[in-house]
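Going by TrEMBL, these are the annotated features:
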- 8-81: domain 'Concentrative nucleoside transporter N-terminal' (DOMAIN)
- 31-51: transmembrane segment (TRANSMEM)
- 88-111: transmembrane segment (TRANSMEM)
- 91-188: domain 'Nucleoside transporter/FeoB GTPase Gate' (DOMAIN)
- 166-188: transmembrane segment (TRANSMEM)
- 194-214: transmembrane segment (TRANSMEM)
- 194-246: domain 'Concentrative nucleoside transporter C-terminal' (DOMAIN)
């Protein structure tokens, strides 16, 4: 019954997207079908294939290790409050962990680790779905960071993006959560496997509905070359970490979304 309900839900959502599409004749059926296939295939791989389950379990264990490091810091700073001795305290046990993850992701950006990972996955999406490099990179970045930071990967190209590409960037940002927020959900007790799986599946999902609702009808001019915008880039690893901490501490309204300081 649950499988049937899931199938009905998928059909209903696709039908709504098609119904509200601004240009049904321009919908690229290949992109939509391959994006849907990519989601289903990834979900089936990590949930039902032993190798996929092992990979997902390894990623979940890695995330739990990172959270344990954050909890050690909380225990050092807050004593018993950080060890749940007085119960679960959201500000300490979740928001402080998000601050830690924000600094960590900012450090990974400075070391070019995040850019490499995003370029690899984004390039694969471009080849598979036929979407532009700019929107694919932004969709991939949203797996790890929030809607504030992800567009920074393509900031020099935003002014030349088509309406469909801009819509894809915004859709991808709202389809997922920032890495810090993901850790926050896990800290609340949600199984990491489901959170991680959902985050990866949002990349093709966001592109699917973006191309369903706002199909590409203009000439794409953003595929001529993409470079990470390094304007105002941190001068050192410590500078990157400090600026990330400064951002989330001085602008708490951005705390659920901020994971780096690449976009000012």
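A Cβ is built for glycine as well, from the same backbone N, Cα and C atoms used for every other residue.
Each residue of the domain 'Concentrative nucleoside transporter N-terminal' (8-81) gets a DSSP state, and the totals for helix, strand and coil are 67 helix, 0 strand, 7 coil.
According to DSSP, the domain 'Nucleoside transporter/FeoB GTPase Gate' (91-188) comprises 82 helix, 0 strand, 16 coil. Counting only same-chain residues 6+ beyond the ends of the transmembrane segment (194-214), those with a CB under 8 A from a CB of the stretch are 13-14, 17-18, 20-23, 27-28, 31-32, 34-36, 38-39, 42-43, 46-47, 56, 59-60, 63, 121, 125, 129, 131, 135-136, 139-140, 142-144, 163-164, 167-168, 171-172, 174-177, 182, 185-186. When Cβ-Cβ distances below 8 Å are used as the criterion, the transmembrane segment (166-188) is approached by residues 63-64, 66-67, 70, 93-95, 97-99, 101-102, 105, 131, 134-135, 138-139, 142-151, 154, 158, 195-196, 198-199, 202-203, 205-207, 209-211, 213-214, 255-259 of the same chain, each at least six residues removed from its ends.
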